[in-house]
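Colleague: According to Swiss-Prot, the feature GTP binding site maps to 13, 61, 91, 152, 248, 249, 250, an assignment based on sequence analysis. According to Swiss-Prot, the feature [4Fe-4S] cluster 1 binding site maps to 20, 24, 27, an assignment based on sequence analysis. Marked as S-adenosyl-L-methionine binding site by Swiss-Prot: 26, 65, 115. According to Swiss-Prot, the feature [4Fe-4S] cluster 2 binding site maps to 243, 246, 260. The feature domain 'Radical SAM core' is assigned by Swiss-Prot to 4-230.
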């Protein structure tokens, strides 16, 4: 199904918890700032995910909070699995990944994205408050060992860690990971000092690239191949191109369909009708009809 701007729906991002075992100073809680204790069960998540396939969803991304904190995360993956869903991935901070990687693979997970903003233990602890970067590195290596691949490393580019980017690039090249360089979105006034313009970096990478590929169903995002390393740039802010080609809807941990990453005022409650035994399709249609580009072409 297409929204009224002609954008097809191809993926669903499911937040399965609002809890996290780190306290990163920049965290925006998936754009849904709620302390609701209403959680979806694995079965409910499975029903919602499978309903989404009727509207064109073929890819599911599991996120949080930190999704690996849910002890039933493997059961959730098993409930999501469906022949119509071609790819199930999960975004994690990696702290718990080493011990869970094999179980996640056995449950049906295809691949993981791991957040890694620095390899420097002191800076990592400063960013996350009390995280151990060695656990993340070990988790990444274990995930690759059990074929949760292609593995992507998410690097959030900020003024305090941009100097570490070359080391992150070398690390990703050595282990065969894809690197995503993500633009920092300073949603609070006190965070604006951490903003870093990644446009010059993208231009530099583009000049060095051996090959450039356009991902047509991922906001027309460019993928650069540099000395064997795949690099992508994610720039949602003030980016009409990002919005124009967006094919994703979101499901919050407490059961609301979210038409837009950057809006929290047009959610559609899907968990309440599910628990009443209602058909969920009208709620998906309502969500899709509420979709519009946050940043429009000027």
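Even glycines carry a Cβ here, placed using N, Cα and C.
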Colleague: With Cβ-Cβ distance below 8 Å and at least 6 positions apart along the chain, what are the contacts of residue 24 ([4Fe-4S] cluster 1 binding site)? List them in sequence order.
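Modeller: Correct list: 127, 128, 129.
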Colleague: Of all the binding-site residues given, namely 20, 91, 249, which is spatially nearest to residue 65 (S-adenosyl-L-methionine binding site) at the Cα level?
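Modeller: Closest by Cα: 20.
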Colleague: For 91, 115, listed as binding-site residues, tell me which one has the smallest number of other Cβ atoms within 10 Å.
Modeller: 91
Colleague: Want to know which binding-site residues, from 91, 248, 249, 250, are within 10 Å of residue 260 ([4Fe-4S] cluster 2 binding site) at Cα; which are they?
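Modeller: The binding-site residues passing the 10 Å Cα test are 248, 249, 250.
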Colleague: In the structure shown, which of the binding-site residues 20, 27, 243, 246, 260 has the fewest other Cβ atoms within 10 Å?
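Modeller: Minimum Cβ neighbour count within 10 Å, taken over the binding-site residues 20, 27, 243, 246, 260, occurs at 27.
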Colleague: I want the residues beyond 26, 65, 115 whose C-beta is within 8 angstroms of the mean position of the S-adenosyl-L-methionine site's C-beta atoms, in chain order.
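Modeller: Nearby residues not in the site list: 20, 22, 24, 27, 64, 66, 93.
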Colleague: So if I measure Cβ to Cβ from residue 61 (GTP binding site) and keep only same-chain residues at least 6 apart in sequence, which ones fall under 8 Å?
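Modeller: The list for residue 61 (GTP binding site) reads 11, 12, 13, 14, 89, 90, 91, 113, given in order along the sequence.
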Colleague: Roughly how many angstrom lie between the C-alpha atoms of residue 248 (GTP binding site) and residue 115 (S-adenosyl-L-methionine binding site)?
Modeller: 20
Colleague: Across the whole of the domain 'Radical SAM core' (4-230), what does the mean pLDDT come to? Round it, please.
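Modeller: Mean pLDDT across the domain 'Radical SAM core' (4-230) comes out at 95.
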Colleague: Quick one: what's DSSP say for residue 13 (GTP binding site), helix, strand or coil?
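Modeller: Looking at the DSSP assignment, residue 13 (GTP binding site) belongs to a strand.
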Colleague: Could you give the maximum C-alpha to C-alpha distance in Å for the residues 13, 61, 91, 152, 248, 249, 250 that bind GTP per the record?
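Modeller: The GTP-binding residues span at most 21 Å between Cα atoms.
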Colleague: Quick one: which residues besides 243, 246, 260 have a Cβ within 8 Å of the [4Fe-4S] cluster 2 site's Cβ centroid, in sequence order?
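Modeller: Going along the sequence, the neighbours appear as 7, 242, 248, 261, 262, 291, 292, 293, 294, 295.
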Colleague: Just the number: how many Å between the Cα atoms of residue 250 (GTP binding site) and residue 27 ([4Fe-4S] cluster 1 binding site)?
Modeller: 17
